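According to Swiss-Prot, the protein carries these features:
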{"type": "DOMAIN", "residues": "17-184", "note": "domain 'Era-type G'"}
{"type": "BINDING", "residues": "25-32, 72-76, 134-137", "note": "GTP binding site"}
{"type": "REGION", "residues": "25-32", "note": "region 'G1'"}
{"type": "REGION", "residues": "51-55", "note": "region 'G2'"}
{"type": "DOMAIN", "residues": "215-292", "note": "domain 'KH type-2'"}
């Protein structure tokens, strides 16, 4: 017969593990979807548009005795603007700071373009690396095996996983491996914490996601959302004021929409999701302002968690 004290002693004897796992890949490979799947909650915005993740977002998951801190880095691509350069630099910096690197490849696209460039760049990164092939349910197994072999010829990956971030297939195997692979040590964060992103910033990211989803190709990436006011009210609700910054008057008209239709839809969708996360009523007020060349303002980069490139 085992007593409660004996069970507690046995549990205490199992060493805890913790570490940082950088998830890198080309834009739209499914990194944010996978992070949200592995963490079990929304910590990173998802849209069909590329380059939606701008800074490193940490999602925190507990699996067995391990605390796994995922770093959802911006997609790596050929930079053209100052903001692009900052995002790519941040992604590679996150990879080099991690205990382990997970390269996510879209199996449908294979190794070409940005994915090939990333593989070459990983040759100079000395952290342990694993390969994760995403969207495997859309590709023949024979082609998946060829893709895995080709990637492993370029970089010596410790393991190769085949998953679907959308359905969760194969994700449990990834978590089992990471929980055993990370170094022994105390947990970095409280057990109930799922992200180190401040709520004000997460709320702004949610609004930015709804902006992308609503406007599709109409609004360029020259937009930025800031939470300017956060008021906890006596009735238990929260009043949030956010500003959507764009670079030109023509972009402001697109964000507002005819008769304010677009901004109302964006506000409704964002308010609903923020309220669900906070588990309290939310009053969200959105304003659209023109700030010319905000993409060249060092202060805006700091607010996004990015270093300002020279």
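Placed from the backbone N, Cα and C atoms, the Cβ positions cover glycine too.
Fair warning: this is a prediction, and the values are worked out from it, not measured in the lab.
Mean pLDDT of the predicted structure over the domain 'Era-type G' (17-184): 80.
According to DSSP, residue 136 (GTP binding site) sits within a helical segment.
Using a 10 Å radius centred on the Cβ of residue 28 (GTP binding site) and all shown protein chains, the other Cβ atoms total 19. Under the three-state DSSP scheme, residue 28 (GTP binding site) falls in the coil class.
Neighbour list (residue 136 (GTP binding site), Cβ cut-off 8 Å, at least 6 residues apart, same chain): 107, 144, 162, 163, 164, 169, 170. Counting other C-beta atoms within 10 Å of each candidate's C-beta, the binding-site residues 25, 31 are led by 31.
Across the domain 'KH type-2' (215-292), the DSSP tally of helix, strand and coil residues reads 30 helix, 28 strand, 20 coil.
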